[in-house]
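Everything on this sheet refers to the single structure shown next.
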Amino acid sequence: MISFKTVIVCLFLWVVIIGARHRPVKLDDEIFRDYHIDIDPSKSSCRCDDDGAEGSGTVWYGNCPSGWAMCTSSHYSAFAECCKQ
């Protein structure tokens with residue numbers, strides 16, 4: 001006969017698995033918006049070599065989001081890109 005503890009553990013695991021399968025997943029654009037540097041505009045701008053203007057690009061952590069183009073100075077740092085809209 002199945003013990004009470006075994007039934008409780010199985011129900012708990014079932015709830016965890018069902019809950020994990022139905023978690024909302026963020027889109028890539030939402031993730032990049034969350035990590036966009038917009039606290040101080042003077043620190044979030046970067047030089048985009050395409051047009052040679054200082055501060056014409058915007059620093060994004062990760063890759064450039066959709067609708068943005070990566071500047072020819074592709075990697076701003078090890079973790080960020082210089083992108084322009």
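Glycine residues also receive a Cβ, built from the backbone N, Cα and C atoms like all the rest.
Fair warning: this is a prediction, and the values are worked out from it, not measured in the lab.
For 1-20, the entry in Swiss-Prot reads signal peptide, with the evidence type sequence analysis.
Cβ neighbours within 10 Å of Cys46 (disulfide bond), excluding its own Cβ and spanning all shown chains: 23. What Swiss-Prot lists as disulfide bond is Cys46-Cys82 (among others), and the listing cites similarity to another entry.
Under the three-state DSSP scheme, Cys48 (disulfide bond) falls in the coil class. Among the features that Swiss-Prot reports, disulfide bond is placed at Cys48-Cys71 (among others), with the record citing similarity to another entry.
There are 23 other CB atoms within 10 A of the CB of Cys83 (disulfide bond), with all protein chains counted. Under the heading disulfide bond, Swiss-Prot lists Cys64-Cys83 (among others), citing similarity to another entry as support.
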Q: Specify the count of other C-beta atoms within 10 Å of the C-beta of Cys71 (disulfide bond).
A: 22
Q. Which of Cys48, Cys64, Cys82 (the disulfide-bonded residues) has the most other Cβ atoms within 10 Å?
A. Cys82
